[in-house]
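If you check TrEMBL, you get these features:
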type    : residues                                                                                                             : note
BINDING : A:Thr98, A:Ser99, A:Phe126, A:Pro127, A:Thr128, A:Asp129, A:Thr168, A:Asp197, A:His200, A:Tyr222, A:Trp251, A:Thr277 : pyridoxal 5'-phosphate binding site
MOD_RES : A:Lys223                                                                                                             : N6-(pyridoxal phosphate)lysine
Protein chains: 2
Amino acid sequence: MNFDPAEIADLDARDPLRAFRDEFQLRHGLIYVDGNSLGAAPKATAAQLAAAVSQQWGEGLITSWLGANWSTAPQRIGDKIARIIGAASGEVIAADSTSVNIFKALTAALSLRPDRHIILSESTNFPTDVYMMQGISAFSGGRIQSVAVEPEAVLERLDEDVAVLLLTQVHYKSGLVRDMAEVTRRAHEKGVLVIWDLSHSAGAIEVDLNGAKADFAVGCGYKYLNGGPGAPAFLFVAERHHSARPVLSGWFGHASPFTFEEDYRPAEGITRFLCGTPPVLGLVALEAGVDLLCRADMRELRKKSLRLSQLFIEQMEERCGEFGFTLVSPLEPDLRGSQISYAHPNSYEIVQALKAFEVIGDFRAPDVLRFGLTPLYLRYADIVEAVERIREVCVTRAWDKPEYRERAAVT
Amino acid sequence: MNFDPAEIADLDARDPLRAFRDEFQLRHGLIYVDGNSLGAAPKATAAQLAAAVSQQWGEGLITSWLGANWSTAPQRIGDKIARIIGAASGEVIAADSTSVNIFKALTAALSLRPDRHIILSESTNFPTDVYMMQGISAFSGGRIQSVAVEPEAVLERLDEDVAVLLLTQVHYKSGLVRDMAEVTRRAHEKGVLVIWDLSHSAGAIEVDLNGAKADFAVGCGYKYLNGGPGAPAFLFVAERHHSARPVLSGWFGHASPFTFEEDYRPAEGITRFLCGTPPVLGLVALEAGVDLLCRADMRELRKKSLRLSQLFIEQMEERCGEFGFTLVSPLEPDLRGSQISYAHPNSYEIVQALKAFEVIGDFRAPDVLRFGLTPLYLRYADIVEAVERIREVCVTRAWDKPEYRERAAVT
């Protein structure tokens with residue numbers, strides 16, 4: 001389908017989410033299709049961080065732990081994220097990195113399945129997920145086995161030896177969406193617990209953790225939650241698993257951290273899965289991003305995301321069909337996250353050259369171009385224009401020209 | 001000894017560190033003696049964070065990982081911290097929380113002593129240190145034993161079953177300084193590795209990790225490093241131990257994180273002890289604090305710190321001798337960190353009431369008042385004045401008056 005500019009303008013004018021774009025700092029002319037790597041900066045974040053530094057920290061000093069509610073920020077922000085991912089209040093904390101939270105979820109799951117010795121994932125999962133599994137296996141001296149099978153073989157590998165299955169809901173490279181409810185059901189049939197990595201789901205698609213009876217979930221604060229570079233991640237533990245004893249049993253997960261007891265005694269509820277002192281400044285920035293997202297209707301967000309990706313695919317076929325791009329993402333809307341990926345022999349060079357044309361996407365080895373389509377701040381017109389610029393790069397083979405390569409390297 | 005105001009003014013006028021006070025945001029009239037809980041805010045931090053948000057993140061977006069050197073911030077800041085604690089370049093990273101770094105150090109040490117099964121500490125250590133040990137023990141199913149003995153019994157407990165000893169150099173409650181070189185030497189005689197928790201040392205006293213042949217160290221970014229609430233912590237691993245395999249084997253510790261290999265392959269050097277994506281905004285704030293400290297001469301810092309605490313002890317004896325304070329900190333300067341603690345039956349109430357008199361110290365259960373004397377921003381006149389206000393609180397029994405209790409609760 002070929003859209004004319006008036007049609008596109010009309011789509012943008014009627015977009016119920018159109019007001020959100022103005023909440024972000026996005027320089028004029030830039031088309032930012034890398035929100036799945038690092039979400040754009042909400043305009044509110046700078047002011048909220050400035051207040052946290054100058055007023056809360058600078059003036060309030062130590063008293064801000066209570067006075068500015070720093071001490072409950074992990075749970076408060078967790079409750080907000082819970083609304084985005086279909087969890088209940090009291091089931092989510094914002095804390096640590098995704099990798100560390102994966103460790104927490106894996107070890108908690110293992111403690112709930114003490115007679116099982118396999119932790120399972122798929123071989124093409126985002127690497128840190130599998131690396132964390134391998135670390136646990138090495139530390140256990142081989143008692144715990146880390147197994148990663150081909151994506152298609154995951155369900156048939158489930159058996160009574162498997163303690164926990166760790167899967168990413170939306171694949172980081174292809175954007176393929178796993179059926180969370182069905183996979184969880186199949187795992188539970190074998191007594192296997194499931195950890196869902198929502199790094200590419202939270203804020204990107206509708207997620208219903210409790211509807212799917214998920215056991216654990218982790219996810220990233222700096223992608224679609226727009227929490228800033230290296231933002232604190234989040235951890236979901238279904239209420240029925242709150243009795244699990246944390247391995248990373250730091251003082252902020254203690255039932256009474258400020259009485260300085262000699263023995264670890266886990267706090268009730270999700271709080272026990274905190275470990276060290278919460279990263280306040282990172283949490284302030286994360287909260288600004290999450291607050292913005294909480295104002296959006298997730299159904300509208302998903303609807304727009306799919307329309308953006310549909311338009312992207314169609315325009316790519318129409319305008320760049322002759323340049324050898326192979327669609328990696330699923331055509332079927334239900335199976336598609338909020339990104340579109342293509343394989344191309346020159347993918348790295350194209351991504352680099354595109355920066356000189358003010359289109360920022362990203363490259364994933366060995367040959368994938370990945371375009372994150374964040375519905376909060378992308379317009380339909382941006383999609384059309386992005387494809388035009390990709391076409392220009394391909395027509396001129398811009399990546400062969402040293403001036404573009406140099407400019408790209410600088411940005 | 002009783003000082004007259006002119007003498008005190010003269011001490012401040014001749015203080016080689018006096019210019020540093022103006023680098024911090026400290027409201028007029030406030031005497032902040034809680035820098036050992038949360039260091040004060042450097043004035044530079046706000047501007048550097050604002051630039052990181054609006055320019056690096058807002059404008060540079062994903063390209064700032066390289067363009068603004070986000071990706072090497074943990075090592076770069078680690079190198080700066082190394083100078084403060086007697087480590088070499090390439091031996092320190094800024095990352096995660098102190099608790100998580102304790103876990104990394106403990107598990108790395110265990111991997112270097114696979115035939116030993118005890119991790120040892122003292123019973124009065126800062127709780128999170130022992131809690132993290134207990135988490136490892138529980139996860140090992142009892143194979144690893146967590147043992148905490150009385151402070152005096154630590155050295156005699158060292159034997160061939162002990163893999164690693166975890167001690168805090170400056171005690172969080174009393175401020176007592178352990179002899180790092182001697183303890184390390186005694187531990188090494190038995191083949192025991194040593195982890196030093198420098199939370200109350202780094203930036204407070206002179207530390208010489210390599211001089212003491214220390215194996216590992218961890219420490220806090222938000223106390224004397226003035227890195228902000230919940231700042232990233234740091235981890236020191238002596239170069240000779242860089243071959244240890246991390247248990248928290250996340251993608252940022254991988255030899256090649258962006259080639260997305262299926263198996264974990266640790267990076268060379270200290271980088272392997274990174275785990276998840278670095279917390280950029282927290283690191284920016286931490287770096288501002290560390291940069292300030294790097295400009296100070298650590299010998300002058302220590303000298304001033306001891307003079308401040310000596311003055312504090314003398315003034316307390318002189319002006320508050322009749323109010324029942326018992327000095328908990330050592331009188332011997334070499335054994336004293338940068339804090340002075342007293343036990344008092346009304347310690348909690350006194351700390352609360354003092355807030356109404358613009359003196360912020362803190363309380364540590366069950367009965368300790370703790371005053372952190374940060375030489376970078378405290379003046380000799382502040383010490384004299386703080387003691388006068390403590391005297392006023394005691395003379396008037398301010399804690400019995402509801403108006404002070406209320407005001408204290410608000411701040």
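Numbers run from 1 along the shown chain.
Using N, Cα and C of the backbone, Cβ positions are placed for all residues, glycine too.
With a threshold of 8 Å between Cβ atoms, the recorded positions A:Thr98, A:Thr128, A:Thr168, A:His200, A:Lys223, A:Trp251 that neighbour chain B are A:Thr98, A:Thr128, A:Trp251. DSSP classifies the residue listed as 'N6-(pyridoxal phosphate)lysine' as coil under the three-state reduction.
The binding-site residues under consideration are A:Phe126, A:Trp251. Their Cβ neighbour counts within 10 Å are lowest for A:Phe126. Here the CA atom of the residue listed as 'N6-(pyridoxal phosphate)lysine' lies 7 Å from the CA atom of A:His200 (pyridoxal 5'-phosphate binding site).
Around the Cβ of A:Thr168 (pyridoxal 5'-phosphate binding site), the number of neighbouring Cβ atoms within 10 Å comes to 26. Of the binding-site residues A:Thr98, A:Thr128, A:Thr98 has the largest number of other Cβ atoms within 10 Å of its own Cβ. Among the binding-site residues A:Thr98, A:Phe126, A:Thr168, A:Trp251, the residue whose Cα lies closest in space to that of A:Lys223 (N6-(pyridoxal phosphate)lysine) is A:Thr98. Sparsest Cβ environment among the recorded positions A:His200, A:Lys223 (other Cβ atoms counted within 10 Å): A:His200. DSSP gives A:Phe126 (pyridoxal 5'-phosphate binding site) a coil state; it is part of no helix or strand.
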